[in-house]
Amino acid sequence: MSFPTRRKILKSLLLGGSAMAAPSAVFGALYGRGEGMPWEPMKGQPPYYGTQEDNFFTAEERATTAVICARLIPSDEDGPGATEADVISFLDRQMAGFYGRGQHWYMEGPFAEGTATQGYQSEHPPAQLYRYALAELDNYCRDRHDAAFAGLSEAQQDEILKGMDEEEITFEGVSAKAFFDLILKNTIEGYFADPIYGGNRDMVAWQYVRFPGTRYDYRDFVKHNGARIDLPPVSLMGRPGWNSLE
Amino acid sequence: MTNHLPKVDVVLVGFGWTGAIYAEKLTAAGMEVLALERGPWRDTPKDFATTFAQDELRYYWRHGMFQETSQSTVTFRNNGAQTALPMRHWGSFLPGNGVGGSGVHWNGQTYRFLPSDFVAKSHNAERYGPLPEDMTIQDYGVTYEELEPHFDYFEKICGICGTAGNLRGDIQKGGNPFEGPRSDEYPNPPMEMTFSQDRFEAAAREMGLNPFPVPSANMSRAYVNPLGLQLAPCTYCGFCEKYGCGNYAKSSPQTTIIPVLMQRPNFTLRTDSEVLSVEKSADGTRATGVTYVDTSGERFFQPAEVVVLCAYPLENTRLMLLSEIGTPYDPQTGEGVVGKNYCYQVMSGATVFFDEEYTNGFVGAGALGMAVDEYNGDNFDHSGLGFIGGGYIACYTTNARPIESHPVPDGVPGWGSEWKQSVRANFLKTTTVGVHGASMAHRSNYLDLDPTYTDRHGRPLLRMTYDFTLNDRRLTAHITPVAEEIARGMGGREVNVAERKGSYDSMPYQTTHNTGGTIMGNDPQTSVCNRYCQSWDLHNLFVAGAGLFPQNAGYNPTGTVAALAYWTVAAIIDQYMADPGSLVQA
Amino acid sequence: MRRLALITAFCGASFALGEGQAQELSSSEVERGRYLTQAGDCKACHTDIENDGIPFAGGRALMTPFGTIYSSNLTPDDETGLGRWTREDFYNALNEGIDDEGRHLYPAMPYPYFTLMTRQQTDAIFAYLQSLEPVQVEEQENDLPFPLNIRMSVSGWKLLFFDDEEFVINPDRSEEWNRGRFLVDGPLHCGACHSGKNLLGASKDDEYLRGGTLQNWFAPNIRGGENGGIAHWDEDDIFEFLKYGRAEHTAPMQRMGEVVAISTQFLQEEDLRAVATYLKSLDDTSREPEEAPETARLEAGEGIYFDNCAACHATDASGVPYFFAPLGTSNKLHAKDPSTVIRIILGGARAQPTETVPSMLAMPPFAWKLTDTQIADLLTFLRNTGDRRSGAVSAEAVAEMREYLAEEY
């Protein structure tokens with residue numbers, strides 16, 4: 001007995017083959033015609049984290065951004081903050097990728113300020129908004145305190161961030177509030193996202209709030225009746241307990 | 001240049017729930033059916049397997065399976081005096097994309113609208129007298145009784161888990177006593193409830209209400225549907241809405257219909273193919289087919305005997321406007337129909353914070369909840385209240401995905417140490433009692449084509465003009481306190497109420513229940529489609545989806561969307577095919 | 001589980017053992033031939049499935065341990081098919097492994113099994129094949145190393161391993177058992193995969209249906225008696241597996257899926273039940289328990305199982321019968337050769353859809369997510385839970401399979 005070679009493009013008929021070959025002029029993929037659901041071994045769309053090595057920020061921007069993140073989610077006696085979670089690495093990769101480029105967003109003009117209910121209306125995609133806003137933030141700080149943002153005391157930093165949040169501080173070219181809202185959102189993302197994206201390093205944030213991560217079966221715990229459930233968190237790439245060699 | 005393709009019997013524009021429903025029934029009846037889907041192919045093992053489906057950043061915050069606004073978005077304004085601006089990224093609602101559409105990443109809360117919801121205008125006018133002039137609601141033209149067999153069938157296709165409340169007129173203990181009469185039980189028992197639902201149920205009973213398990217498309221046990229397709233038991237992983245289900249435990253087009261369809265030789269699906277317009281015959285009485293563009297940018301004309309719009313309501317409306325089918329709605333004169341009666345959902349709630357007990361929100365599922373229906377539809381006397389309609393009040397435990405769900409009590413700042421510590425202290429100790437409020441149509445809420453912004457093909461974007469109405473505000477002000485009272489009875493430390501105040505904000509996520517625009521009814525002067533969801537203008541054009549709703553009820557729409565699709569497809573097969581033409585004489 | 005009775009077009013076409021019974025067959029010879037062709041799964045090899053080939057027109061590349069063989073055209077084309085063949089030629093091919101020009105056929109063609117069929121049966125198959133539309137195809141050269149590329153070498157192989165057997169009825173057994181044995185050893189040629197092979201590719205008698213390794217798959221032990229690989233299956237389970245493509249214990253996947261899809265789901269219930277009766281009669285020797293693995297590996301494996309696999313196979317590995325395989329008793333998991341489970345974890349697997357059960361439940365690939373050591377530890381844990389001691393799995397075995405799959409897909 002012998003087996004068919006699989007080196008060729010898979011088409012598997014009754015076995016629920018892959019997409020039918022499309023007529024030459026048609027680019028949309030064609031399915032159906034009795035061919036079943038496409039399926040192939042080894043194929044899937046595992047998470048995209050290809051921007052792992054990329055970065056967007058200059059050294060100075062990176063330093064300032066890290067300081068902002070550390071004020072938004074501070075490290076304290078209660079537990080880890082944005083610094084321990086390495087949120088800055090998350091942000092750097094995000095800004096270097098499709099998100100930072102606003103690639104999936106509608107970024108056609110004309111651009112107008114918009115009302116509070118109309119959402120993000122900056123002409124700049126996220127990464128550029130960071131760049132311009134960080135520059136304006138440092139200008140603002142130098143004008144008033146003779147130091148860039150990173151050189152100020154934590155109390156001063158908090159005060160400035162509060163001013164941006166509450167729209168008491170405005171920038172010239174970009175919206176300080178839009179930037180503040182964005183960096184707060186992105187910092188929370190980096191703190192709590194799966195560690196494959198660079199933040200939440202070693203799942204510190206998940207451990208801190210006791211989120212068990214990417215587990216996919218809690219049937220044994222449905223009847224918890226209000227009791228605490230202790231399960232170590234698991235990331236998409238596992239947890240330390242998976243390794244017998246260490 | 002446009003390439004002409006060979007004619008098919010039926011072309012479906014969009015391949016989510018309604019596309020799959022139409023395709024299954026029409027191919028079973030022997031027709032040659034082609035579905036055109038703008039997005040890509042999607043299926044469980046490849047696109048949302050258990051190995052990576054539970055990725056909050058990718059699927060929710062980076063919109064892994066939603067329509068990309070760079071392809072097409074809507075412009076938005078609260079009222080006609082403002083300039084609409086594009087939603088540059090999604091916020092308040094999340095239209096799906098790709099095979100299965102939003103049916104891949106829904107929660108699975110599968111209600112039937114109340115019998116009175118289908119006759120909202122005549123019913124309320126009869127009971128409470130004339131309605132405000134600006135409230136442009138109307139009857140569906142089809143009744144609950146007519147749709148009942150189709151609700152029943154869809155529930156069996158999905159294996160909905162629940163407890164019947166009204167079985168052929170007999171009120172059943174433990175179910176929703178207000179629901180319309182059901183011809184059969186739910187195919188599966190309700191899900192196993194957790195701590196929060198137990199507390200909600202006790203508190204609601206204490207108030208004399210009748211809590212019932214939310215009808216769920218997350219499986220309470222292994223199930224095989226009438227098409228022979230297998231649904232596995234839900235594992236309460238807490239990744240339903242905005243995510244695909246990795247272990248076949250949530251009903252979706254992929255799990256309940258598509259595998260059967262894909263084995264039929266008379267069904268074809270073309271993905272990555274975006275329909276640009278519906279083409280009309282020279283005399284303007286028939287649709288001749290659709291023009292679509294594939295990823296290479298090449299255009300194709302696909303002729304068909306019958307065209308069905310199965311895209312999301314916003315896109316169906318836009319396609320009709322772009323194709324110049326029917327008269328566009330004009331809010332000044334109140335005339336015209338396409339784009340009329342855009343409605344949404346009025347959501348509010350009360351969050352309970354516990355001190356001792358853990359709610360463990362990560363042990364959750366999209367439709368894991370208990371609800372009460374005393375304040376929905378016309379289940380209570382609205383005399384003197386100044387509004388009609390209502391909403392269900394429910395306690396769901398859907399997730400503890402931390403980027404999305406980290407509530408802190410009122411008064412805690414939005415960032416900094418105090419915020420962080422409060423997030424931790426409350427993370428596994430909260431639950432919410434929500435109000436799922438109806439949205440009544442208003443003359444000034446509508447959809448039309450934007451005069452400024454265009455999509456990547458140069459076609460105008462859809463413009464949404466929408467704000468909450470006086471009816472909405474009175475409705476939510478009346479019912480939210482009931483939710484609060486239930487919440488206060490659940491034994492927590494404190495309760496924070498999130499009322500629905502101010503203007504509609506397009507950014508914070510509320511719900512993907514956008515309705516209207518291609519509404520159905522009994523009069524071509526006030527509706528786009530007749531009672532069979534057939535265009536009044538082109539008899540071989542049918543429309544599916546929540547765009548048909550003349551106004552939105554206080555429930556999640558999918559059950560009713562599906563029932564309308566099955567109702568229409570039965571009319572096409574039983575009546576239209578034998579004698580093509582308008583099924584209702586105007 | 002919904003059990004739909006398939007409407008079969010083959011009423012009366014099932015296997016009859018005695019010549020006398022054959023006379024009672026109500027259907028035409030062509031119909032009987034079609035049924036036999038399905039039972040023999042001829043279409044699977046003789047259709048170039050990978051390239052949307054025309055059924056029975058051949059051209060499918062078949063990998064043997066010795067090289068690539070392209071299947072032949074069975075349609076009645078004069079030039080490239082069986083157009084000029086006689087019934088006698090065809091009988092000789094199936095019965096003796098000799099083609100119309102007297103050349104020896106490579107034993108990729110399972111004539112060592114088909115030889116059990118009677119002349120009447122091979123005539124029926126021939127009649128069916130001759131009723132097909134003739135298709136002219138381009139013939140492809142086989143890719144075999146010397147001396148195997150010389151067909152005469154096959155004659156040496158046949159001398160050693162091939163018996164031109166007649167089926168002999170065992171009078172001590174029931175008619176159903178005999179029918180089952182005929183089907184298993186004849187047209188269904190189960191042993192072609194499920195029996196171990198010697199180095200020259202012939203089935204070894206003492207490995208009969210105890211499992212065989214081919215092309216990096218391990219076709220599991222399918223003996224159903226005491227200590228057999230499917231000892232825990234009852235006859236209904238075997239029937240459901242072959243007919244519906246689902247059983248309480250597992251579903252046919254890639255390779256066996258093909259067999260169920262093309263062949264067994266269309267066979268008559270009485271034939272499949274006869275197969276079940278026969279397989280259930282085959283006892284096996286009990287396996288010596290293997291050495292218990294290191295605790296660290298078991299602990300890591302347990303964690304990996306709980307975090308990754310429980311979502312379908314349940315925390316206690318009991319699975320969801322008919323949906324997700326219970327693992328405690330799996331003949332693939334506990335096989336001496338773990339190739340198939342390693343392969344499934346790395347590359348994923350898909351339950352075969354059938355006419356009765358069209359679902360296509362699939363297990364996703366874990367190759368991107370788990371390391372060789374993690375997969376080895378996971379399997380080591382699973383093979384050593386409860387009172388089972390099926391032996392450890394090495395990270396090297398996983399690495400080899402990973403390399404093979406990377407090349408294949």
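Just so you know, glycine gets a Cβ as well, placed from its N, Cα and C.
Small disclaimer: the values here were computed from a predicted structure and weren't measured.
Confidence across the domain 'Cytochrome c' (C:28-133), taken as the mean pLDDT and rounded to a whole number, stands at 89. The domain 'Cytochrome c' annotation in TrEMBL covers C:28-133 (among others).
In three-state terms derived from DSSP, C:Cys42 (heme c 1 binding site) belongs to a helical segment. There are 24 other CB atoms within 10 A of the CB of C:Cys42 (heme c 1 binding site), with all protein chains counted. Taken from TrEMBL, the feature heme c 1 binding site applies to C:Cys42, C:Cys45, C:His46.
Positions annotated as domain 'Cytochrome c' by TrEMBL: C:175-283 (among others).
Taken from TrEMBL, the feature heme c 2 binding site applies to C:Cys190, C:Cys193, C:His194. C:Cys190 (heme c 2 binding site) falls outside any helix or strand according to DSSP and counts as coil.
Note: the domain 'Cytochrome c' (C:296-386) comprises 38 helix, 6 strand, 47 coil (DSSP; helix = H, G, I, strand = E, B). For C:296-386 (among others), the entry in TrEMBL reads domain 'Cytochrome c'.
Residues annotated as heme c 3 binding site in TrEMBL: C:Cys309, C:Cys312, C:His313. For C:Cys309 (heme c 3 binding site), applying a Cβ distance below 8 Å and a minimum sequence separation of six or more within one chain yields C:Ala317, C:Leu378.
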Integer Cα-Cα distance in angstrom, C:Cys190 (heme c 2 binding site) to C:Cys45 (heme c 1 binding site): 15
Here are some binding-site residues: C:Cys45, C:Cys190. Which one has the most Cβ atoms within 10 Å of its Cβ? C:Cys45
List which of the binding-site residues C:Cys45, C:Cys193, C:His194, C:Cys309, C:Cys312 have a Cβ under 8 Å from any Cβ of chain B, in sequence order, or say none. C:Cys312
Residues among the binding-site residues C:Cys42, C:Cys193, C:His194, C:His313 lying close to chain A by Cβ (under 8 Å) are C:Cys193
For C:His46 (heme c 1 binding site), nearby residues of its own chain (Cβ under 8 Å, 6 or more apart in sequence): C:Pro55, C:Phe56, C:Ala57, C:Gly58, C:Arg60, C:Ser71, C:Ser72, C:Asn73, C:Leu74
Can you tell which of the binding-site residues C:Cys193, C:His194, C:Cys312, C:His313 lies nearest to C:Cys45 (heme c 1 binding site) in space, using Cα positions? C:Cys193
When you rank C:His194, C:Cys312, C:His313 by Cα distance to C:Cys42 (heme c 1 binding site), which of the binding-site residues ends up on top as the closest? C:His194
What Cα-Cα separation, expressed in whole Å, is found between C:Cys312 (heme c 3 binding site) and C:His194 (heme c 2 binding site)? 28
Within the chain of C:Cys193 (heme c 2 binding site), which residues six or more apart in sequence place their C-beta under 8 angstroms from its C-beta? C:Gly212, C:Leu214, C:Trp217, C:Ala219, C:Arg255
Within the domain 'Cytochrome c' (C:28-133), count helix residues (DSSP H, G, I), strand residues (E, B) and coil residues, in that order. 44 helix, 12 strand, 50 coil
